[in-house]
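Enquirer: Starting off with a structure, shown below.
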Amino acid sequence: MSSARGAARRTAAGTGLAVSLLLLGSIWSPVEAQLTGVLDDCLCDIESIDDFNTYKIFPNIQKLQERDYFRYYKVNLKRPCPFWADDGHCSIRDCHVEPCPESKVPIGIKAGSSNKYSKRANNSKDLEDCEQANKLGAINSTLSNQSKEAFIDWARYDDSQDHFCELDDERSPDAQYVDLLLNPERYTGYKGPSAWRVWNSIYEENCFKPRSVYRPLNPLAPSRGQDDGESFYTWLEGLCLEKRVFYKLISGLHVSINLHLCANYLLEETWGKPRWGHNVKEFIHRFDPIETKGEGPRRLKNLYFLYLIELRALSKVAPYFERSFVDLYTGNVQEDAESKTLLLDIFRDTKSFPMHFDEKSMFAGDKKGAKSLKEEFRLHFKNISRIMDCVGCDKCRLWGKLQTQGLGTALKILFSEKEIQNLPENSPSKGFQLTRQEIVALINAFGRLSTSIKELQNFKLLLQHTR
């Protein structure tokens with residue numbers, strides 16, 4: 001069923017691209033001519049990433065996202081904004097998120113606590129008991145003493161480790177499962193002061209910068225005066241690597257989200273039948289060198305940089321999943337085995353990429369100073385994850401929270417190399433572990449980046465077609 005739905009989605013996407021080609025007229029933009037060459041702060045060129053993503057990553061990551069283990073994401077969309085009074089939620093129909101009925105969620109996913117993702121941690125007695133209770137204590141009553149101790153250690157470590165994100169409490173009555181395939185990320189019409197406030201808070205209050213440096217931290221904000229942005233980039237280049245990386249990650253995430261909205265835009269709605277597809281004019285408005293005073297290609301390069309960061313994280317976390325102890329458990333033995341095989345195939349591909357970002361170049365100076373900077377880096381990013389609870393559109397909030405958590409999980413992986421190297425083969429890890437929600441967010445967030453780069457190729461095709 002899921003594979004059929006996935007095929008339908010890909011067919012629809014191809015149809016939308018073909019329709020867009022017919023409707024373009026004489027629009028053309030030189031953005032693709034400026035998006036080439038080696039990226040800053042790493043030894044990797046854009047063309048290599050394009051080819052690698054198109055032929056290695058994109059097809060398999062799409063298949064993996066359609067698997068039951070990765071399509072159901074538990075999220076609390078009712079958490080209040082911790083920073084300012086609620087602006088009110090978007091009333092547009094497309095802002096709505098349809099929660100998944102409990103009966104539709106695979107029993108193996110419902111039964112597991114946030115840390116239980118393996119078959120060993122979900123025996124048949126557990127499943128029966130978990131239908132009646134949500135707390136870990138109730139689950140533990142059916143486990144061996146060894147397993148109890150392992151789960152206690154897991155919980156203890158979860159409480160003490162350096163999370164890069166503010167995590168939802170999955171036991172909250174407001175937390176609900178969402179079927180990501182039935183709630184795709186696309187343009188909803190959510191914009192205006194509420195949306196601007198979120199991005200302004202992210203860029204102006206959480207990126208490392210003095211107050212005097214304004215433009216273009218929020219790339220879509222109105223410019224001040226005639227500044228062409230060069231003074232900002234001169235300033236940015238003078239920052240340490242870690243602070244430059246932080247800005248590029250946030251900018252890359254913003255770019256990726258904007259690309260999704262441009263590629264899945266409501267083009268028209270006739271008699272209640274919406275038609276979604278590529279909005280080339282919107283793409284040009286956001287990324288064309290002329291329209292953006294030269295900033296569009298710079299923004300897009302940050303997307304590639306973010307892709308490299310998350311790609312590196314997947315290659316580093318492979319040993320965690322390669323252990324026989326770890327199953328992507330849903331209760332369907334055949335599907336679980338196929339999902340793990342596909343995931344390991346993707347990991348093998350990520351490890352084969354020859355031009356990875358070197359995370360060891362970060363936080364590598366004086367130990368005391370590096371530790372302080374890393375903590376500041378972590379807290380800034382954690383704050384951004386909290387800002388996602390201020391997004392007024394539920395669908396935008398869902399995908400914002402998921403992609404932020406996915407990036408936070410990638411950062412957690414990159415800075416846990418020793419713990420991953422010391423993983424025990426046949427027992428739960430006390431030094432490093434991922435919750436199911438982190439795993440789902442990690443894969444779907446990278447899937448979104450892979451889709452963004454693929455859609456960028458589609459927009460290049462659309463633009464070239466009109467020459």
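Using the three backbone atoms N, Cα and C, a Cβ is placed for every residue, glycine included.
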Enquirer: For C393, which disulfide partner does TrEMBL record out of C262, C396?
Expert: C396
Enquirer: Pick from C90, C100: which one does TrEMBL say forms the disulfide with C95?
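Expert: In TrEMBL, C95 forms its recorded disulfide with C90.
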Enquirer: What span in Å does the FAD site cover, taken as the longest CA to CA distance among R186, T188, W199, S251, H254, R286?
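Expert: Roughly 21 Å, rounded to the nearest whole number.
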Enquirer: Ten-angstrom check, please: count other Cβ atoms within 10 Å of the Cβ of C396 (active site), all chains counted.
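Expert: Excluding its own Cβ, the number within 10 Å is 25.
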Enquirer: Given H254 (FAD binding site) and C396 (active site), what distance in Å do their CA atoms have, once rounded to a whole number?
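Expert: The Cα atom of H254 (FAD binding site) is 12 Å away from the Cα atom of C396 (active site).
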Enquirer: Within 10 Å of C396 (active site), Cα to Cα, which of the recorded positions C165, W199, S251, R286 are there?
Expert: none
Enquirer: What same-chain residues, at least 6 away in sequence, bring their CB to under 8 Å of the CB of R186 (FAD binding site)?
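Expert: Same-chain residues close to R186 (FAD binding site) (Cβ under 8 Å, separated by 6 or more) are D94, H260, L261, N264, Y265, L266, W276, K395.
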Enquirer: Of C90, C95, C165, C393, which is closest to S251 (FAD binding site) if I measure between C-alpha atoms? They're all recorded positions.
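Expert: Looking at Cα distances from S251 (FAD binding site), the smallest one goes to C165.
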